[in-house]
Amino acid sequence: MGNWIINHGLSAFILVVWMGINIFLFVYYYLFYDQGPQFEYTRELLGSALPWARAPAAVLNFNCMLILLPVCRNLLSLLRGSFICCGRTMRKQLDKNLTFHKLVAYMIALMTAVHTVAHLLNAEWYTNSFQGQYGPLAGNLSMLDDSSELKTTYLNPTPTLLVFTTIAGLTGVVITLALILMITSSMEVIRRSYYEVFWYTHHLFIIFFAGLVFHGLTDFNCLNPLLQTWMWVIGPMIIYLCERLLRFIRYMQPVSYRKIVIRPSKVLELQLVKPGFKMAVGQYVFLNCPAISQLEWHPFTMTSAPEEDFFSVHIRSVGDWTEDLIKMVENLPEGGQGPKMAVDGPFGTASEDVFDYEVSMLVGAGIGVTPFASILKSIWYKFKDSDPKLRTKRIYFYWLCRETYAFEWFADLLQVLEKEMEERGMRDFLTYKLYLTGWDQSHVNHAMVHFDKDTDIITGLKQKTSYGRPNWDKEFEQVRQENPSSVVGTFLCGPQALAKDLEKKCVKYSDVDPRKTKFYFNKENF
């Protein structure tokens, strides 16, 4: 329990506070409409459907206020810089922005379903009241008109003819359809295989928020101004508008190519130069290629170091956008410049904190090695310049790849670091292990024939490549024994299944005693 509190305590507290506010809003407004004397006759008409419609509306207002904030990346980067004095635990919460964004979206979907069903019941029960099925009082009340000069009855909040004949009804249908399309297209299988579908349908949020504001502007909400939706969402909408304005300004700034390299396994390396561009290790940028699409922006982790006079990204061929970009580059004439590229960023990630730990474990899977390439390059520059600010005493680097070609991306960088550490007598500073997860018997036979060579047959490094996957219990135990009183930062850029495994190991091998080893888990999120 102590280890769990160390790694997840603050996240759980924030989640409890968020859920508590949702429950409070629902209960408060349910009782407000269920027991308020001003709604006595309305309840005679509609029964309990009225509070069941209005309580979810209050929860929806609160969550629609929150939904945009986790994707305001410039705001998050600003907060990350402001939280330096608050410790790594506070900054780690910013790395879970997309997880919180999804939780809020799920709550919006749930409350929308309850709100919609309740209003459908409102329409049915009002019709029954009009037909006299609920007694003479309900029948007489249903015939009163809410369009009088004073507008003080508020008896018939549901449309008197059909749900689809009022602004509230029409906008409700529109925003519900937009929400359904956004949620369904955000499923993992669609987002991974058809990113363009996810990207374009997610921009229905513009229609969603516009319809939401008009949907909430009803006379019935005047009884309680806090149910006026625009009061909840105007602030986040302005912040997000500023985000988009800043993206447009960056879109107009010129970007030039320093170098273009086609790596093995159809991996494209772009070295770019942009005036005034400053980065930190592990950060990422959004790229836009107008020749492919003027609207699509895709995130890529930078593989260059802050000490270099350019920034680079490695782009693997996955999906239509990356395939089109690689084809365009492959068809360039000799010495030709690449297509126009717009850059938004850089944005902060968990890897920025790598040098705040005495010991760091870096785990990359496939192209997920990119943020750690930036870190390893920066380490090389810091050693070269004898940087006195370097606090890190030891780094463990694990790279998992399915194919041998992938190791060629950064094998030369590891060779340089390997040589640098030997010359400085610091062989223990960098411990790296490479794992080939996609192999067959021919690979093993080839390795057995050349097992007596000083260097690895795949990478040319002195550290031999292992076949299969790491035994993480063994690795964490080794790190704990070699660093008995250190704070170890575990950083991952890879699949969710591996993230769950490593997160459990961090909890398992952390010691509650502050004088002993602690593991803090950090994962890249885009």
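Note: Cβ is positioned from N, Cα and C throughout, glycine not excepted.
It should be emphasised that the depicted structure is a prediction, and the values quoted were computed from it without experimental measurement.
Residues or ranges marked as domain 'FAD-binding FR-type' by TrEMBL: 247-353. Over the domain 'FAD-binding FR-type' (247-353) the predicted model carries a mean pLDDT of 87.
Long-range contacts of the transmembrane segment (12-32) within the same chain, counting only residues at least 6 positions beyond its ends with a Cβ under 8 Å from a Cβ of the stretch, are 51-52, 54-59, 62-63, 66, 93, 103, 107, 224, 227. The transmembrane segment annotation in TrEMBL covers 12-32 (among others).
Residues annotated as transmembrane segment in TrEMBL: 52-72 (among others).
Positions annotated as transmembrane segment by TrEMBL: 100-121 (among others). Sequence-distant contacts of the transmembrane segment (100-121), counting only residues of its own chain at least 6 positions beyond either end whose CB sits under 8 Å from a CB of the stretch, comprise 15, 18, 22, 46, 49-50, 52-53, 56-57, 59-60, 63-64, 66-67, 70-71, 158, 163, 172, 176, 179, 182-183, 186.
Taken from TrEMBL, the feature transmembrane segment covers 161-185 (among others).
Per TrEMBL, the feature transmembrane segment maps to 197-217 (among others).
Through the fold, the transmembrane segment (229-249) approaches residues 61-62, 64-69, 71-75, 209, 212-213, 215-217, 286, 297, 344 of its own chain, all at least 6 residues removed from its boundaries and within a Cβ separation under 8 Å. Among the features that TrEMBL reports, transmembrane segment is placed at 229-249 (among others).
Long-range contacts of the transmembrane segment (161-185) within its own chain (CB-CB distance under 8 A, at least 6 residues past either end) are made by residues 105, 108-109, 112, 116, 119-120, 123, 191, 197-198, 201-202, 204-205, 207-208, 211-212, 214-215, 217-218.
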